[in-house]
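Worksheet: the structure to be examined is printed underneath.
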Amino acid sequence: MKPSPRTPDFSPYLDFDRAQWRELRNSMPQVLTQKEVIELRGIGENIDLAEVAEVYLPLSRLIHLQVAARQQLTAATETFLGTSPSISVPFVIGVAGSVAVGKSTTARLLQVLLQRWNSHPRVDLVTTDGFLYPGAELIRRGLMSRKGFPESYDQRALLRFVTDVKSGKLEVNAPVYSHTAYDRVPGEFTTVRQPDILIVEGLNVLQTGPTLMVSDLFDFSVYVDARTEDIEKWYIDRFLKLRDTAFRRPGAHFSHYADMADPESIAVARELWQSINLPNLVENILPTRVRASLVLKKGSDHLVERVRMRKI
């Protein structure tokens, strides 16, 4: 029996609970192992094979169908114009959401799952972290305390990158960011070579503006959502785990936090959340949720409990 999503009157969304959404998997086989899922997890996340089967396999099926529809539309346009098939136009997916909500894990899972479809095996993933202005430039502009806010990104470079990929350019380079050094890696790039699908993951990728924005180039978009108080808890928990791991690496930008006791670490993390990440979420990220093609709503256990899909 097909699921019947709850659809509020005059809402542009179809609203599924987890049981309804998992039925849309439509007998798709599980293509990941537990080992692969563990490797794809973010810090502090509980994602397992059940989450993949019930949430991400249906989502990968939906995107697969949309990719096929986009290819048919391209073919129809070529028929109308009487032109020969041109270079395949990559299908571009945006993945947005707050810091610590799990959007990076969602993007990695989608990359791996979509690669398993024979019709679009080349799936590239780029994060917008590499398009943050270098640390020296942020200092020059007085933006170090606004890192992660829209103005801290080289929006022109990001737009040019996605435009070049979508236009079929043979090779396009994206800057690489180091979370250890908390800065771009000079001279290091990720090269994208005419993928079937490009996933662009970042805090502010769904933002709009008076001129063309990267979100205008997306064929599909996902917003990873959760209650603000849950995200704050996850952020603090992640900070404590990073204090014991990444902050201790040689050259770590945040090495001065590595030897803090729990009470002091929690106080620092809460201050960072309340002064930087929460304002960015409220002012810039959360307002873009309405633009997403699909919203994954997580519960306090970090697992998806509801899915909202745009009808139009």
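Don't overthink the numbers, they just go from 1 along the chain as shown.
Note: Cβ is positioned from N, Cα and C throughout, glycine not excepted.
In the three-state DSSP reading, Ser104 (ATP binding site) counts as helix. Over all protein chains present, the Cβ of Ser104 (ATP binding site) has 22 other Cβ atoms lying within 10 Å. Annotated ATP binding site per Swiss-Prot: Gly97, Ser98, Val99, Ala100, Val101, Gly102, Lys103, Ser104, in sequence order, evidence recorded as sequence analysis.
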State the three-class DSSP label for Ser98 (ATP binding site), counting H, G and I as helix, E and B as strand, and everything else as coil.
coil
Given the ATP site residues Gly97, Ser98, Val99, Ala100, Val101, Gly102, Lys103, Ser104, which other residues of that chain have a Cβ within 8 Å of the mean position of their Cβ atoms, reported in sequence order?
Leu203, Val224, Ile231
Cβ neighbours within 10 Å, counted over all protein chains: which one of the binding-site residues Val99, Ala100 has the most?
Ala100
